[in-house]
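Engineer: Here it is: the structure, laid out below.
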Amino acid sequence: MKIAIGCDHGGLNLKGEIIKHLQAKGIEVKDYGTYNTESCDYPDIAIQVAEDIINKNSNFGILVCGTGIGISLAANKVPGIRAALCSDTFSAHATREHNNANILALGERTVGVGLALDIVDAFLNAEFQGGRHQNRIDKISKIEKKYSK
Ligand code: RB5
């Protein structure tokens, strides 16, 4: 499995912990930065991870900012991206099973490292259930098409 990961300055520490966690499991990680605590703009990172997923270079993306909100909002502007901000493990596996989420977003300032790593595991270990859920995702795609020029 290959994971694309990125953060702004508000998510730097948690991103580092997630990379260590994934690499210890033998999972390949592509790190899109940011790489230091200097203030930066989360959309600049979100688009790189989102495009990596759309181009099928990685299986899933993980994005971290202070709250996880801004970076998930930005990623979700890319057609085909379903970025889910999760702060509990139930949502993390449910968003894979029901929404076929392809990016997990986390907030460094809202969840502790231990919980965040459990959320990552719950997300990556779950599988999309298809069926009626695919029908709903198709409707999301239709909305995207209606409003893209
Ligand atoms: C940066 O200070 C902060 O606004 C950002 O990390 C994020 O929380 C935005 O949603």
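Using N, Cα and C of the backbone, Cβ positions are placed for all residues, glycine too.
Found this in TrEMBL, in case it helps:
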BINDING   Asp8, His9, Gly66, Thr67, Gly68, Ile69, Gly70, Asn99, Arg109, Arg132, Arg136  D-ribulose 5-phosphate binding site
ACT_SITE  Cys65  active site, proton acceptor
ACT_SITE  His98  active site, proton donor
Engineer: Just jot down the residues in the same chain as Gly66 (D-ribulose 5-phosphate binding site), at least 6 apart in sequence, with C-beta under 8 A of its C-beta; none if empty.
Structural biologist: Asp8, Gly10, Gly11, Gly107, Glu108, Arg109, Thr110
Engineer: Cα distance, the residue listed as 'active site, proton donor' to Cys65 (active site, proton acceptor), nearest Å?
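Structural biologist: With the alpha carbons as reference points, the distance is 24 Å.
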Engineer: List the Cα distance (Å, whole number) between His98 (active site, proton donor) and Gly70 (D-ribulose 5-phosphate binding site).
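Structural biologist: With the alpha carbons as reference points, the distance is 23 Å.
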Engineer: Quick one: which of the binding-site residues (Asp8, Gly70, Arg109, Arg136) have their CB closer than 6 Å to ligand 1?
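Structural biologist: The qualifying binding-site residues are Asp8, Gly70.
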Engineer: In which DSSP state, out of helix, strand and coil, do we find His98 (active site, proton donor)?
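Structural biologist: SS state of His98 (active site, proton donor) = coil.
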Engineer: State the three-class DSSP label for Asp8 (D-ribulose 5-phosphate binding site), counting H, G and I as helix, E and B as strand, and everything else as coil.
Structural biologist: coil
Engineer: Hey, what's the widest CA-to-CA gap across Asp8, His9, Gly66, Thr67, Gly68, Ile69, Gly70, Asn99, Arg109, Arg132, Arg136, the D-ribulose 5-phosphate contacts in the record, in Å?
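Structural biologist: Comparing all Cα pairs, the maximum is 39 Å.
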Engineer: Would you mind pulling the DSSP three-state label for Gly66 (D-ribulose 5-phosphate binding site)?
Structural biologist: coil
Engineer: Return the count of C-beta atoms lying within 10 angstroms of the C-beta of His98 (active site, proton donor), excluding that atom itself.
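Structural biologist: The Cβ of His98 (active site, proton donor) has 16 Cβ neighbours within 10 Å.
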Engineer: May I ask which residues of the same chain, at least 6 positions away in sequence, place their Cβ under 8 angstroms from the Cβ of Gly70 (D-ribulose 5-phosphate binding site)?
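Structural biologist: Once residues fewer than 6 apart are set aside, Gly70 (D-ribulose 5-phosphate binding site) is near Asp8, Tyr42, Pro43.
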Engineer: Which residues in the same chain, at least 6 apart in sequence, have a Cβ under 8 Å from the Cβ of Arg136 (D-ribulose 5-phosphate binding site)?
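Structural biologist: His98 - these are the non-local Cβ neighbours of Arg136 (D-ribulose 5-phosphate binding site), listed in sequence order.
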Engineer: Around the Cβ of Gly68 (D-ribulose 5-phosphate binding site), how many other Cβ atoms lie within 10 Å? Please give the count over every shown protein chain.
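Structural biologist: Result for Gly68 (D-ribulose 5-phosphate binding site): 29 other Cβ atoms within 10 Å.
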